[in-house]
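S.K.: Starting off with a structure, shown below.
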Amino acid sequence: MAMKAVCVLKGDGPVQGTINFEQKESNGPVKVWGSITGLAEGLHGFHVHQFGDNTQGCTSAGPHFNPLSRKHGGPEDEERHVGDLGNVTAGKDGVAKVSIEDSVISLSGDHSIIGRTLVVHEKADDLGKGGNEESKKTGNAGGRLACGVIGIAQ
């Protein structure tokens with residue numbers, strides 16, 4: 001049975017969006033789609049963070065969701081956090097159209113992202129290839145522009 005989830009992204013500034021998730025089989029890939037507006041043109045890190053806690057804005061969401069205790073990487077890398085979804089790309093109009101399929105995140109089980117926070121970052125994610133310690137943790141993606149808790153959808 002297909003599972004669906006949704007996340008409404010909001011922040012302190014103009015960045016906002018809605019991201020949808022669908023997983024047709026419990027061990028199958030998750031389709032991720034939607035749009036984010038109010039971004040500066042270019043690449044922005046896009047990650048699922050550990051906690052569904054937004055009591056102190058996006059900072060209380062904690063680090064990237066990483067149940068396997070791995071180093072940060074890109075979505076195509078073997079060595080990555082479960083929550084590492086790479087980058088979204090905003091055009092001149094400040095809109096990022098998101099269309100991703102990921103086989104590491106899940107909407108159920110040990111890698112479930114339900115109840116965790118999705119974050120869009122200020123800068124590009126270097127996918128763990130930046131050559132410093134921060135790159136291996138966060139991809140040097142910078143501040144958290146907007147976030148929201150991922151919830152079950154109809």
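Each Cβ is built from the backbone N, Cα and C atoms, and glycine gets one as well.
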S.K.: Which candidate from HIS64, HIS72 does Swiss-Prot annotate alongside HIS47, HIS49, HIS121 at the Cu cation binding site?
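M.R.: The one candidate that Swiss-Prot places in that Cu cation site: HIS64.
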S.K.: Could you state the whole-number distance in Å separating the C-alpha atoms of SER108 (phosphoserine) and HIS81 (Zn(2+) binding site)?
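M.R.: Cα to Cα, SER108 (phosphoserine) and HIS81 (Zn(2+) binding site) are separated by 17 Å.
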S.K.: Could you round the CA separation between SER106 (phosphoserine) and HIS81 (Zn(2+) binding site) to a whole angstrom and send it over?
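M.R.: Checking the Cα atoms of SER106 (phosphoserine) and HIS81 (Zn(2+) binding site) gives a distance of 13 Å.
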S.K.: Let me spell it out: for each of the recorded positions (HIS64, HIS72, LYS92), count the other Cβ atoms within 10 Å of that residue's Cβ, using every protein chain shown. Which one has the most?
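M.R.: It comes out as HIS72.
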